[in-house]
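Asker: Okay, handing you the structure first.
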Amino acid sequence: MILKKMIKQNLAIILLSSTALTACAKPASDSSQKTQTPVSQKNLSAEQQKQLQQLLEKTKKNLILVKGGSFMMGDFGPEHSVDKLPYDGKGDSKPLHKVTLDDFQLSATKATYADFDIYTDVTGQKKVGNFDEFSIKERAPTAAAGINWQQGRDYCQWLGQQLNLKMDLPTEAQWEYAARNRGQYVLYATDNGKIDIGRNIWSFEQRQNIQDKTKVYKNISTLQQFPPSPLGFYDMLTDNYEWMLDWYAPDYYSKSPEKNPQGPATGTLKVVRSSAPDDGQNMHMGGKGLTMQRHAMHPVEDPKRAKSELVKKYNLDLNQNNSVRCASSP
């Protein structure tokens, strides 16, 4: 039984490790993906009303105001590094370009399974994630919820309706501006802009201790274990990717507008930021978790991987490492 569980979890790591997914579908526009925002059911029980109120209060408390301004978005290595070389080995974080943003609010934390369970319960939806004997331990209430793009957007917009705020997924410009402490040349979204293994990011040993305690033989998201960034944001470096509002285009930075960029009008993949659960040694050696790094993923699930016999056999959740941090704009 343990061997079977380890095989499944190792297969999940292999299948989820690549962040650049391909898609055969025709490019879609934002309008083609718009759906009606879920609404809360009528006649909620007293317990449901209590949980809903707690979620709304938590959401309001976690929203951090980020004052707008201008910054140079993208790989600032040629301007900042000692050798005047890029920090990011990928070309899609270039060129460095000026972006000006209005004020916005961004959640201090990623949404958890506990948050999503309240949301799906009061809106009459099926819970997100898998519940088989191998997945249930990975679905800890305090872990970042594994969801697809539309589920994340629906959740944020629903919260906005409840709070009478204009809430949505953040744009990648908003996310990077916040991760870089309002656009400063910050490499890592930690309390000091650096990786201090074991103090502001997981060490390999700390990750192993979590695995031993949970009996889950892979890294799973465990939130708010380290100091926040200077602006108050937790876990922007790791513990699950975060869906952005933007469609992905590798050359978008060469034609991005300066004022409040929203990404391309159409596409097949969505931008994600942050990274899957990892430890500081791997991230530092692999050049992962940089504030300017962009990744692209299929907004639902990669069609080719979804048809994989391994995915079907082991009921793998291809969005387990994809989460959401909601934003609010004026």
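FYI, residue positions are counted from 1 along the chain as it appears here.
Cβ from N, Cα, C; glycine included.
According to TrEMBL, the protein carries these features:
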type     : residues : note
SIGNAL   : 1-25     : signal peptide
DOMAIN   : 61-273   : domain 'Sulfatase-modifying factor enzyme-like'
REGION   : 257-309  : region 'Disordered'
COMPBIAS : 298-309  : compositional bias 'Basic and acidic residues'
Asker: Count the residues of the region 'Disordered' (257-309) that DSSP assigns to helix (H, G, I), to strand (E, B) and to coil, and report the three numbers in that order.
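Answerer: Tallying H, G and I as helix, E and B as strand, the rest coil: 12 helix, 12 strand, 29 coil.
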Asker: Averaging the per-residue pLDDT over the domain 'Sulfatase-modifying factor enzyme-like' (61-273), what integer do you get?
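Answerer: On average, pLDDT over the domain 'Sulfatase-modifying factor enzyme-like' (61-273) sits at 95.
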